[in-house]
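All remarks here apply to the structure that follows.
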């Protein structure tokens, strides 16, 4: 059994290592083209790249082997490996500048728009005038973005579960007990004049008896059974020891996109506007097409979608918007002749079934890509046979600021609030007609600027950039407001029931997402992570500047108000208030990754207070996700992490239990992988973890009692220089203990999560009391049996001194006539003490297996473990048969003596008393949770976990949480010099 368990463990570790090796080496096993100053373009193994090399990117579907900055051409890249969102992103070349300032500061917006990150996939590389796409290598190996991710997987903070540390202590205690037994054995056998060889053999026997060799195998068997049950549910485990840790989880972090919600956004509708204000909402759920107009044209053309292999790819939001128009996309060919439209331009056309569309199509001439810092994107288009237009799409407030004031409806702010407070994603659209002459000139200028920008001309680079920005400013001025685009992030149907189950079991749920804060808050409300009536406090921290210090603002988020749209009962009418003051004292903090970083740096004393009620963390980078999990662990939480993207890898590895809903990169870092792409696996895993943990404790208790029972019996027999025979040991070890160890673990998990966890340590008072009491009870029973048998009238000492048959008058009551005249080779000889001790110990092992096999609330009831019950019945029947049946050959093989029937009844009575007393104590005291709670209160015991200490402190703080306040580092209690720490956590291993 031990060999099998070791082999399985080594196989799992090897498989995980191979997967990780493939993940690390996948980007190093390709050949790339490098341009050298003297040798020109040559092929090179990617593992030989160094910073400063000039890469030539050709073709499509290229895995980036390094971080590189794009200097020529453009690329469409899938960054799902790093962001978790499989959204093609357009990368543009770095502008040429004559400044000596760092290149990151020279970009007109986010510098990441020009960087190709290691591990991402270049879907399309499109050269400019030079015909090639070139990039300069920035970082390689572990210094890249992917390398940092891999490093977090390879070297997470070490973790050590208390159960396994306690198991070592338990074994050390058994070794100490065995040492006492060895000293006792040496004294008895030396004084008896036994040979040195016999003395040493008997002394060493005590160690194997006191320290059960079957313990590791029995524990491994329980974990293997749990792993097998998880596999049937589609949950695969590469670190079986983590199953026990699952039973202690009291906080679970969830990624949002793809985990709690479906991938991407769903288009809910559009709200057009005209001179009279906002019009009726147009819902696409009815199947009715949007009438032709500037709004329809904007939805068809204002996007960054690309056509790759006859498939439209790009941002899911853009894709949903474009699909709603039912238009088609194509690329103009060389024979495409329309004034002002270049060849190979993207063209969108109405579908053949569309009617009343006066244009043949729209050609997209130029894009100003979306930037999170600018919060908008703009396109310049040409209607075939119509006008040249500019369309803008972006954040409503930002777009409105570029529009003519008279075109923005007066109820703009209130209409926007209606949808944003419900968590809908709102995007505004605007447009502008461009004069033909003006635009022609502007477009030519723009094209020239692009050509010159792509040329190596450092002297005029900054001037080109300034002129380009000035041109964009002219295009984006005096726009006409068109309306609002409403999108929603729908929950998976399994999300809400699972979160409700976890919350009812008093397991904290936390959302960690890369999405925006408002969407995350709404998803938290809809999913039940934040219940109705509970408050959400938005925490915003600012870094500060040279003239001002860092600060934190605390603002109450808008209450969720239900609205109704049409006949769809899952939408909202914002104007209907919902009043629920039943839980006014309950609140949740919501903050972004940037705010969390500022708080960690400048408000370290406030961090644990915020984490105690922090539920929503948005705009979190992969590194921030890992850091947040670590901060929760510092508060002594047992943290689980459930995610589906490669950007979750660090957090999955850092958490005590990582659960991946993807079989891609995330599964390498995660101990558990679910084939079912929803969070239903989380409660199943916790249930199995609790059941496995309880099973481990049951096996520890049983093995401790079994070894101590055998140990006590043998030491009593040693007093008579006797012992159990080989067949007696074999019967107890194989026929009884091994079968029980294999079948006791078959109990499945209880189907309901209860609002409390099983004990996490072997040295907890109930477990210690149970073990000590039952060992003492077994010891008392053995001593009573040992002494009582010697006081029976049919007992004769002559048999033990001479090792011969008793007189003929008593021989009929004792052994058959084949009792040997000499001591057996193994040092054991038949005796009444031997017979009594063996029956008491053997049947007591069966009884205690039944008592220690726990059922509810963490495992299925014992009677449902049919194999285990059948084994116990058969074992008990066999033992009773041996006890009461007079089979001479059987008694001779087992080195037993026949005793009077009355004494056999006495043995059964002693065992029955032991069973009743042990069962009553286990049920009335050991398993009485209410009693232990009362005892804790009487002795004033309080949990020493950091989160419990902070919970008690915040409950008594009337000034917490602050609302509508501004906190500064120089305020009392907010200094960076004050911080919390967990000394245990800060050591080299995580103390659990």
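Each Cβ is built from the backbone N, Cα and C atoms, and glycine gets one as well.
The domain 'P-type ATPase A' annotation in TrEMBL covers 30-153.
Outside the transmembrane segment (167-191), and at least 6 residues removed from its termini, the chain residues within Cβ reach (under 8 Å) are 198-199, 202-204, 206-207, 209-212, 215, 219, 700, 704, 707-708, 711, 715, 718-719, 721, 762-763. If you look up TrEMBL, you'll see 167-191 (among others) marked as transmembrane segment.
Per TrEMBL, the feature transmembrane segment maps to 203-226 (among others).
As annotated by TrEMBL, transmembrane segment applies to 700-719 (among others).
The transmembrane segment annotation in TrEMBL covers 725-746 (among others).
Sequence annotations record features per position, and here TrEMBL assigns transmembrane segment to 767-789 (among others). Away from its own ends, the transmembrane segment (767-789) comes close to residues 697, 700-701, 704-705, 708-709, 712-713, 716, 759, 761, 795, 832-833, 836-837, 840-841, 844, 848, 851, 903, 906-907, 910-911, 913-914, 917-918, 921-922, 925-926 of its chain (Cβ-Cβ under 8 Å, at least six residues beyond either end).
Annotation comment: TrEMBL describes 836-853 (among others) as transmembrane segment.
Annotated transmembrane segment per TrEMBL: 865-885 (among others), in sequence order. Beyond its flanks by at least six residues, the transmembrane segment (865-885) meets 735-736, 739-740, 743-744, 746-747, 839, 842-843, 846, 849-850, 853, 894, 896, 901, 904, 907-908 of its own chain at Cβ-Cβ distances under 8 Å.
The annotation transmembrane segment is assigned in TrEMBL to 905-926 (among others). Residues of the same chain lying 6 or more positions beyond the ends of the transmembrane segment (905-926) and with a Cβ under 8 Å from any Cβ of it are 766, 769-770, 773-774, 777-778, 781, 784-785, 788, 836, 839-840, 843-844, 847-848, 851-852, 880, 883.
Here the transmembrane segment (725-746) has long-range neighbours at 212, 214, 217-218, 221-222, 225, 695, 698-699, 702-703, 706, 710, 824, 826, 828, 834, 838, 841-842, 845-846, 849, 852-853, 865, 867-868, 871-872, 875, 878, 893-895, meaning same-chain residues at least 6 beyond its ends whose C-beta is under 8 angstroms from one of its own.
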